[in-house]
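K.L.:
Following this message is one structure expressed as structure tokens.
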Amino acid sequence: MRHKYRKGSSFERELKRLLEKEGFAVIRSAGSKGVDLIAGRKGEVLIFECKTSSKTKFYINKEDIEKLISFSEIFGGKPYLAIKFNGEMLFINPFLLSTNGKNYVIDERIKAIAIDFYEVIGRGKQLKIDDLI
């Protein structure tokens, strides 16, 4: 269990450093069970719940996502589920997640609704369909 926590806190610190490099002020709330990082820059507020796994499939408790959404609404920030999945950093709008039970399933299909770090901070590149053909 301790190793699992260490992996998660390492990812939180990595994301915190990336956000700070981009000019965000960041607060890490370790052990919060619902909100791990709060980042702000010039009136923009981003709120993250961070999860990491080396498995091809894992589960996130529905209550963790509900806490993220609730806190974000009260605080006035934009919520993101930040996932380090098989070494790749992905960000998901929690409103796009769906569940039939107590947990959300995270697997390769999550990439269909995920965005990358630069899209989260507003520096993403938008592609036109013509560019892909």
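Cβ from N, Cα, C; glycine included.
What Swiss-Prot records for this protein is below:
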- Glu12, Asp36, Glu49: Mg(2+) binding site (BINDING)
- Ser32: active site (ACT_SITE)
- Lys51: site 'Transition state stabilizer' (SITE)
K.L.:
If one measures from the C-alpha of Asp36 (Mg(2+) binding site) to the C-alpha of Lys51 (site 'Transition state stabilizer'), what distance in angstrom results, rounded to a whole number?
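P.N.:
Taking the Cα atoms only, Asp36 (Mg(2+) binding site) lies 10 Å from Lys51 (site 'Transition state stabilizer').
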K.L.:
In Å, rounded, how far does the Cα of Glu12 (Mg(2+) binding site) sit from the Cα of Lys51 (site 'Transition state stabilizer')?
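P.N.:
Given the Cα positions, Glu12 (Mg(2+) binding site) is 9 Å from Lys51 (site 'Transition state stabilizer').
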K.L.:
Tell me the coarse DSSP state (helix, strand, coil) of Glu12 (Mg(2+) binding site).
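P.N.:
DSSP assigns Glu12 (Mg(2+) binding site) to helix.
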K.L.:
Could you say whether, by DSSP, Asp36 (Mg(2+) binding site) belongs to a helix, a strand or a coil region?
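P.N.:
The three-state answer is coil.
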